[in-house]
Amino acid sequence: MAQIQHQGQNANGGVAVPGAAAAEAAAAAAGAAAAAAGAAQQGTTSLYVGDLDATVTDSQLFEAFTQAGQVVSVRVCRDMTTRRSLGYGYVNYATPQDASRALNELNFMALNGRAIRVMYSVRDPSLRKSGVGNIFIKNLDKSIDHKALHETFSAFGPILSCKVAVDPSGQSKGYGFVQYDTDEAAQGAIDKLNGMLLNDKQVYVGPFVHKLQRDPSGEKVKFTNVYVKNLSESLSDEELNKVFGEFGVTTSCVIMRDGEGKSKGFGFVNFENSDDAARAVDALNGKTFDDKEWFVGKAQKKSERETELKQKFEQSLKEAADKSQGSNLYVKNLDESVTDDKLREHFAPFGTITSCKVMRDPSGVSRGSGFVAFSTPEEATRAITEMNGKMIVTKPLYVALAQRKEDRKARLQAQFSQMRPVNMPPAVGPRMQMYPPGGPPMGQQLFYGQGPPAMIPQPGFGYQQQLVPGMRPGGSPMPNFFMPMMQQGQQQQQQQQQQQRPGGGRRGALPQPQQPSPMMQQQMHPRGRMYRYPQRDVNTMPGPTQNMLSVPYDVSSGGGVHHRDSPTSQPVPIVALATRLANAAPEQQRTMLGENLYPLVEQLEPESAAKVTGMLLEMDQTEVLHLLESPEALKAKVTEAMDVLRSVAQQQAGGAADQLASLSLGDNIVP
């Protein structure tokens, strides 16, 4: 641990912390340990492991962390293209207590000759980037590493993250960061350690300030070169120098002119002293000379000026968005004949419209969408209630609050992240995971418990020999985990009928299902919704439908299974589909939309069609109808959904869900 010293106590530059301070630090450490113990009871089971050597493998990480408890999954994150290690990974434990033990015992352990950093995994990026409890330490001695810094600052509270910045060779850059779980702990460390001596060097300890926020909160920038504009054409260099010379000695003064010698209306004045330049800016900015108001400020490089203008522009956009929050509406699925005036006419009964516009391409053709801004959020709410889904000309409108693209993408990403599966309990014996009607939850990979080696799955599920690639040797097919599972008595009756049918053969016979075990029954509750396959309307399927899984299985065809390329339903015109939706039960509406949407999505993203379709079905019906009618809108939404899926996959790499995905049999099941 680095030696903490008071500044200037003796000839050696400092002395050890006195007894009272040491007692106070010990008390703080005890409090921190208690807080950490309490956090462990409610804490996460997922750990982040950083500073991994490039040669560390998943198996090495597993072996290293197994000594602290039961490990559920491990993952070393790698580049998707080169498969090289990114220098970090994740470890998931069965219990929070095991994770807490690993954090305390394995943090800074050497793995392949390099000390690793272990901390709790924080999935929410807003929490990681919030800056709460984050402090900055600079002027560190080169000998202070991650472990020494952690030991020094752990006396003030539980540490979420601790890091010393290093160069490519591993040498300390002389500064680091420590993040506590609360601002109070961070402030305590700042109060006690700022200005103290660590290894005979006085350190600065203060709140962490984001790079983009450092200039406004830091010291005033010093400058000597002054920019002045809005000058009169008759003003000369000597007159300008005379005005600025009252504030100090100037080294240069020039008015910019064109090729003919005419003034461009601006110039530069350079002072010898920065304080004189600052006083000149404060005194002359906004003053009127020759009936013209001067602008006087610090001379900036082009890049600095562009950055400042960009920040001002973004701030103005944010203020405008905040001002119109809840009152600006987005309208989609507009008929091409709808103009700005017609759109205003339709929405005028609901309140005062401040702006109304139909979006058009460069040639003037309507894009089918627009915006309507009301004076109050209440008026906008009434408009949404009355106009969403209303038929205008020949199309149902989609009306919702307008959102920026970044906000909409963040919302979709947050929704998809919440649908990720939680850690599953360890398997007890061979089992299969079953799902109720509606399919597995959106975004969840299918996981089936694996039996002992060479064990043939228990009977009770039919086989899709045509659909499953990678048949077993000897013609034994992979089991179809999506075959409808009926009650045992009903299945026996159908099997007897099919065996008596001439030419029924193996195609018409279904194996008898066994009663699921209690372990399987516990896993049959739904965790979410995900569209799996387009299928026929359940009302057209003969026979019982209770306790059946939603699959593309046509009972009326004698037990045959649909081929991937065989049509499952005929396309329905949009107007007819909208009418059928209005008359259908709520539980059937999603299926009807999915039957029409899934084939279109599959053409764009065949590998992720199920997930993307499930995401799109979460939207309002009117918007889904618009996607069915507009290939351009569908392509844009599918692209946006794929971006969300990739972003979530990257952020949650190494989690338990990803580990389960790697064990999934989903690749062997054709949607």
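Cβ coordinates are placed from backbone N, Cα and C, and glycine is handled just like the others.
Owing to the predicted nature of the structure, the values given are computational and were not obtained by experimental measurement.
The compositional bias 'Low complexity' annotation in Swiss-Prot covers 483-501, 508-525. Taken from Swiss-Prot, the feature domain 'RRM 1' applies to 45-123. Per Swiss-Prot, domain 'RRM 2' is recorded for 133-210, and the stated evidence type is sequence analysis. The annotation domain 'RRM 3' is assigned in Swiss-Prot to 224-301 on the grounds of sequence analysis. Annotated domain 'RRM 4' per Swiss-Prot: 327-404, in sequence order, evidence recorded as sequence analysis. The domain 'PABC' annotation in Swiss-Prot covers 573-650 and is backed by sequence analysis. According to Swiss-Prot, the region 'Disordered' annotation covers 467-526.
Averaged over the domain 'PABC' (573-650), the predicted model has a pLDDT of 82. Counting residue by residue with DSSP, the domain 'RRM 2' (133-210) contains 22 helix, 30 strand, 26 coil. As a summary of secondary structure, the domain 'PABC' (573-650) carries 66 helix, 0 strand, 12 coil according to DSSP. Per DSSP, the secondary structure of the domain 'RRM 4' (327-404) breaks down as 22 helix, 30 strand, 26 coil.
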